[in-house]
Amino acid sequence: MSDFVNAGWSFYITIVTLVGIACCLWLLFSQRKIAVVLNQDGSVAKDTGHVWDGDLRELNNPLPRWWMWMFALSCIFGLAYLYIFPGLGSNPGASGYSTQGELKQSLIMANSELKPVYDKYVAMSVEQVAADPQAKIMGQRLYLNNCSQCHGSDAGGAKGFPNLTDHDWLYGGASENIKETITHGRGGVMPSFSHLGDEAIINVTHYVRSLSGLSSDSIKTARGKAVFSDNCTACHGADGKGNQMLGAPNLTDKVWLYGGTQSAILETLRNGRQGMMPAQENVLSPEKIHLLTAYVWGLSNSEPQAAKK
Ligand code: HEC
Ligand code: HEC
């Protein structure tokens, strides 16, 4: 496969390459004899007449034979290489070799070697896989390669990227919820409420903070409660405990995706939030997703973690 936009480029590169080699050979051919330099008296000189530092003379010797042969062989090697391997424009080469083909071949080999290992885990439940030390190491590697850039290498999350090690779930922490999240991705849609006006938004911010016991102004909180009932309960629930079908967070706990400060909540309400968890079904095989599900499930359901709670 070539990346050229049209055949003209391939042709151009082929010409430049072949003419380049031809010029090298011509240069070699043109230098095969020593240039004749004459002395002032008409006799043939042994040097070129260039003298440095008083007595350092440049001799007029022919190019060494071995060097000429090396040069010619390099050109022949180049031509043979270009004949066998891809390199001349988009010409695939006589051998049919390609780096892409090599990669495909080694992927097939790696997959067939790994298949028995994966098959063993696919036959086990997520809970069983999570308890297997080897599966945990494999899951961690998959996690570090594919997930850590967003959720952090310790899976502790960051602003806008949920912590995967706690018991607080946007979309549910059962193994089938986690597998669904990883396979198909998730998109949380928190609409903007700037149309309600600043006063209503500030009031509801106070109410939201009161839900998790954070400091708030009592009058604004009371007014905000009405705003909340009118606008927010459809997704966050009448009690503010959220809805895992929609990924609407529980607003009554101390866990925040975007922050629980006055200004962070205001920003959420003014601009809305759209967290995107990218689907992995086209990136990772179902076997790998199974291992990852077990790894993520295990992060909050392992023994030491459970003991801490
Ligand atoms: C590009 C960034 C990104 C990558 C890469 C990513 N995630 Fe996510 N993930 C998110 C975001 C953002 C959310 C929250 C979605 C929302 O706000 O609705 C999320 C949500 C989740 C959830 C749901 C958490 C909950 O509380 O319900 C799980 C589980 C999860 N990700 C696991 C993974 C795994 C496993 C990988 C690696 C295969 C991964 N993520 C890769 C950004 C990412
Ligand atoms: C259409 C459903 C929907 C409605 C209506 C809605 N929300 Fe949300 N809200 C969400 C979703 C989904 C998220 C998570 C966004 C994400 O994952 O990126 C969210 C996130 C939030 C957050 C951020 C929580 C955190 O942990 O950082 C706050 C605060 C919030 N909503 C408050 C409100 C308030 C107040 C209202 C009413 C004025 C409201 N929401 C109305 C769906 C909704």
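Placement of Cβ uses the backbone N, Cα and C atoms for every residue, glycine included.
Annotated heme c 1 binding site per TrEMBL: CYS147, CYS150, HIS151, MET277, in sequence order. As annotated by TrEMBL, heme c 2 binding site applies to MET190, CYS232, CYS235, HIS236. Taken from TrEMBL, the feature domain 'Cytochrome c' covers 134-212, 219-300. Residues annotated as transmembrane segment in TrEMBL: 6-29, 66-85.
Overlay of TrEMBL feature records on the structure.
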| residue | record | Cβ neighbours (10 Å) |
| --- | --- | --- |
| CYS147 | heme c 1 binding site | 21 |
| CYS150 | heme c 1 binding site | 14 |
| HIS151 | heme c 1 binding site | 21 |
| MET190 | heme c 2 binding site | 21 |
| CYS232 | heme c 2 binding site | 21 |
| CYS235 | heme c 2 binding site | 17 |
| HIS236 | heme c 2 binding site | 22 |
| MET277 | heme c 1 binding site | 20 |
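Under DSSP, the residues of the domain 'Cytochrome c' (219-300) split into helix, strand and coil as follows: 42 helix, 5 strand, 35 coil. Following the DSSP three-state reduction, the secondary structure of CYS147 (heme c 1 binding site) is coil. Across the domain 'Cytochrome c' (134-212), the DSSP tally of helix, strand and coil residues reads 44 helix, 5 strand, 30 coil. What surrounds the heme c 2 site, by Cβ distance within 8 Å of the Cβ centroid and not counting MET190, CYS232, CYS235, HIS236, is the set ASN231, THR233, ALA234, GLY242, LEU246, ALA248, LEU251 from the same chain. Only CYS147, CYS150, MET277, of the binding-site residues CYS147, CYS150, CYS232, MET277, place a Cβ under 6 Å from an atom of ligand 1. Within 8 A of the CB centroid of the heme c 1 site residues CYS147, CYS150, HIS151, MET277, the other residues of that chain are SER148, GLN149, PHE161, PRO162, LEU164. Taking a Cβ distance under 6 Å to any atom of ligand 2 as the criterion, the binding-site residues CYS150, MET190, CYS235 reduce to MET190, CYS235. The average pLDDT computed for the domain 'Cytochrome c' (134-212) is 96.
Separation of the C-alpha atoms of CYS150 (heme c 1 binding site) and MET190 (heme c 2 binding site): 20 Å, rounded to the nearest whole number. The two recorded residues, CYS147 (heme c 1 binding site) and CYS235 (heme c 2 binding site), show a Cα separation of 27 Å.
The maximum pairwise C-alpha distance among CYS147, CYS150, HIS151, MET277, the residues recorded as binding heme c 1, is 10 Å. Cα separation, MET277 (heme c 1 binding site) to MET190 (heme c 2 binding site), rounded: 14 Å. HIS151 (heme c 1 binding site) is 20 Å away from MET190 (heme c 2 binding site) when you measure Cα to Cα. When the alpha carbons of HIS236 (heme c 2 binding site) and HIS151 (heme c 1 binding site) are compared, the span between them is 24 angstrom. In this structure the C-alpha atoms belonging to CYS232 (heme c 2 binding site) and HIS151 (heme c 1 binding site) are separated by 27 Å.
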